[in-house]
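Below is one structure, written out as structure tokens, with a few remarks after it.
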Amino acid sequence: MYSEETQRKLIEKTREFLNLDIKSIDRKKAESIIEDLREVIRFHDWRYYVLAQPVISDYEYDKLFKLLKDIESKYPDLITPDSPTQRVPSEITKVFPQVKHLTPMLSLDNSYNEADLRDFDRRVRELTGLEKIEYAVEPKFDGAGISLIYEKDLFKRGATRGDGEVGEDITNNLKVIKSIPLSAKFSSYGIDKVEIRGEVLIRKDIFKRINEQRLEEGLPLFANPRNAAAGSIRLQDPKEVAKRGLEAFVYQITYAEKDGKNLLGTVLKKHSDNIKMLHLLGFKTPYEVLKVCNGIDEVIDYCREWERKRDNYPYEIDGMVIKVNDISLYEKLGFTSHHPRWAIAYKFKARQATTKIIDVVFQVGRTGAITPVAKLQPVEIGGVIVSSVSLFNEDFIREKDIRIGDTVLVERAGDVIPYVVMVIKEARTGNEKPIEFPKNCPSCGSPLVKPLGEAVYRCININCPAQVIERIIHFASKDAMDIKGLSEATVKKFYKLGLLKSIPDIYRLDFRIIKNIQGFGEKSVNNLKQAIEESKNRPLYRLIYGLGIRYVGEVTAKTLASAVNCLEDLKNFTITDLMKLPDIGDKVATEIYNFFHNEQNLKMIQQLKELGVNVCNPKEEKRGKLAGLNFVFTGALKCCSREKAKEIVESLGGNVLDTVSKKVHYLVVGEEPGSKLQKAQKIPTIKIINEEEFLKMIGQQ
């Protein structure tokens with residue numbers, strides 16, 4: 001979208017604008033700079049929301065945005081419809097009017113195996129008379145379908161799929177999704193009016209965080225990212241939509257005109273070229289992962305590759321879409337009443353299955369929340385055996401009318417925990433039993449309480465054995481202090497033996513005793529000892545997350561860590577101070593404040609400090625051996641997860657990027673690499689290394 005020279009100039013402009021003050025800007029100055037300021041903000045939106053490679057801090061971005069708002073407030077006649085300030089409308093939408101799509105949003109025909117794909121290819125070759133077909137193959141995003149219309153370069157209307165002919169006008173809600181440009185230079189391609197198809201998505205990690213938050217707040221959970229996205233784009237208040245972390249990928253131009261003349265198949269000849277054009281115009285597209293395949297054999301190979309690596313992709317995909325790449329053939333191939341004949345979806349192995357609820361048990365979480373867990377007849381879903389599923393809370397059970405003995409539809413999508421989608425009430429025999437909630441804690445026997453406004457019953461005994469165990473498990477978990485060897489089973493065993501009664505006890509473990517416990521040899525004891533020692537030097541945000549403060553996930557933990565020098569500093573923050581930090585509201589601030597004003601918690605922090613656990617941020621940034629170097633990973637690594645590799649690179653001063661470009665210094669190639677390898681091979685400045693070379697580079701075995 002922006003050349004390297006243009007980006008350099010925009011970064012220079014950024015510095016100029018950051019030094020401006022609204023008081024020094026008169027009418028003439030405002031008129032001369034306002035469009036450049038808007039373009040600078042659009043550029044930083046593109047870097048952040050499309051490339052995920054910001055070049056300024058959040059504080060600097062906010063300063064630029066405030067300057068633009070101040071200028072427009074001072075001179076309101078200078079406001080334009082595509083100004084970045086116009087993304088969040090102030091009005092509430094009570095009714096979404098119905099609007100007709102320029103072209104129908106048809107479904108795709110589905111295929112489930114190689115034979116189906118070969119049959120599709122045969123039909124296409126017969127209808128076109130060609131011996132071999134060029135196909136464009138891309139992931140099938142599992143989100144909420146949308147249609148966008150741009151006229152004279154401005155975003156005019158956005159709609160839901162609806163029944164395919166008519167959808168709901170959700171323009172205001174789509175404007176707050178920053179990966180949807182408010183303006184795009186279609187005119188530079190000779191296009192006056194264009195209709196684009198896309199999908200609104202929620203990244204898997206953001207979806208997980210949303211559901212964790214909703215669970216804590218006693219709100220109904222979303223079954224999967226698709227449901228969350230579909231529900232979010234139909235919220236009445238665009239400000240609430242903006243909080244959901246939505247993204248939009250566009251994947252098809254369905255209509256394009258110049259002076260009333262249709263350009264598809266004439267000027268716009270290939271689907272892959274159209275995706276490249278949308279990518280260059282600043283849209284989020286499957287450009288990086290779209291592959292042009294010469295014949296059906298290449299298509300099948302690419303589909304198999306993606307089925308193997310689907311769980312490593314940050315978004316939910318439920319298959320691949322195969323399209324004839326030559327748009328001029330579309331008219332000859334035509335449509336059925338249901339789907340186009342020039343495209344087909346290859347569906348991955350199902351992530352849903354029906355099974356029976358055998359029993360329900362009640363578990364106690366680290367904050368005392370009582371969670372009902374259904375024990376299932378084991379069933380395979382997406383290659384994994386599922387034998388239990390959380391029922392979350394009493395409201396969830398009542399809402400779905402779940403009973404012991406019921407046949408239920410269970411979904412497991414990627415990293416998302418298994419979820420009961422629905423009860424198959426038609427399968428009931430009359431022998432099903434209602435689920436009765438306990439009155440007392442199943443661990444310590446204390447009476448349970450249900451706080452006002454919450455859906456969750458809680459045990460308020462802070463010394464409840466189950467809570468203590470869960471707090472220790474959470475502290476040692478991968479996303480917190482990452483103490484390998486201190487598994488859930490090990491924590492429970494050590495607690496039962498009296499070796500672990502609190503989090504600080506981890507750093508007081510007597511390894512002479514552990515050596516004599518069945519199942520612990522010298523090697524496993526030494527590994528555990530080393531893992532515990534290494535955990536003392538984790539980044540501060542991991543320690544904050546590991547403390548298990550209610551409502552504080554990884555993102556909030558990072559926010560808190562960046563606001564202080566040392567952990568103890570948080571006890572000096574008032575609730576008002578905490579609410580000034582990004583994404584921390586009243587409820588979260590109150591929990592944080594209460595935690596750091598609890599004597600027992602402060603005593604625990606002091607003990608951790610005395611035991612050698614790092615409770616401060618580094619005093620100064622060390623220039624690591626990878627300082628200034630940009631890395632991209634492709635394929636699966638044997639040594640560690642992609643997230644761990646990223647953490648190592650960043651700890652040594654390097655950066656990990658999502659996409660291949662001239663800015664990349666190293667591409668690290670693991671098993672079954674994707675299309676990034678082919679792209680990197682075309683850029684001579686990128687050094688391509690294997691996993692072994694990468695490990696030598698970072699000095700690790």
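In case you wondered, yes, glycine gets a Cβ from its N, Cα and C as well.
Because the structure is a prediction, the values reported are computed rather than measured.
Noted in Swiss-Prot for the protein shown:
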type     : residues                                                                                  : note
BINDING  : Asp58, Tyr59, Glu60, Tyr61, Asp62, Ser107, Leu108, Glu138, Arg161, Glu199, Lys323, Lys347 : NAD(+) binding site
ACT_SITE : Lys140                                                                                    : active site, N6-AMP-lysine intermediate
BINDING  : Cys441, Cys444, Cys459, Cys464                                                            : Zn(2+) binding site
DOMAIN   : 621-701                                                                                   : domain 'BRCT'
* Structure fact -> Looking at the binding-site residues Glu60, Asp62, the one with the fewest other Cβ atoms inside 10 Å is Asp62
* To do: Write out the long-range same-chain contacts of Cys444 (Zn(2+) binding site), meaning residues 6 or more apart in sequence whose Cβ is under 8 Å from its Cβ.
  => Cys459, Asn461, Asn463, Cys464, Pro465, Ala466
* Structure fact -> Near Zn(2+): residues not in Cys441, Cys444, Cys459, Cys464 with Cβ within 8 Å of the site Cβ centroid are Val364, Gly368, Pro442, Ser443, Gly445, Ser446, Asn461, Pro465, Ala466, Gln467
* **Lowest local Cβ density among Leu108, Cys441, which the record lists as binding-site residues, within 10 Å** => Leu108
* **Listed binding-site residues (Cys459, Cys464), ranked by Cβ neighbours within 10 Å, top entry** => Cys459
* Structure fact -> Leu108 (NAD(+) binding site) -> DSSP, reduced to three states, gives coil
* Structure fact -> Confidence over the domain 'BRCT' (621-701), expressed as mean pLDDT on the 0 to 100 scale, is 82
* To do: According to DSSP, folded down to helix, strand and coil, what is Lys323 (NAD(+) binding site)?
  => strand
* In the domain 'BRCT' (621-701), how many residues does DSSP put in helix, strand and coil? -> 25 helix, 17 strand, 39 coil
* C-beta crowding around Arg161 (NAD(+) binding site), within 10 angstroms -> 20
* Structure fact -> Three-class DSSP assignment, Cys459 (Zn(2+) binding site), comes back as strand
* Asked: Which chain-mates of Lys140 (active site, N6-AMP-lysine intermediate) that are at least 6 residues away have a CB under 8 A from its CB, listed by sequence?
  -> Ile317, Asp318, Gly319, Met320, Val321, Ala345, Tyr346, Lys347
* **Neighbour count (Cβ, 10 Å) for Lys323 (NAD(+) binding site)** => 21
* Structure fact -> Rounded to a whole number of Å, the separation of the Cα atoms of Glu60 (NAD(+) binding site) and Cys441 (Zn(2+) binding site) comes to 50
* Collapsed DSSP category at the residue listed as 'active site, N6-AMP-lysine intermediate' -> strand
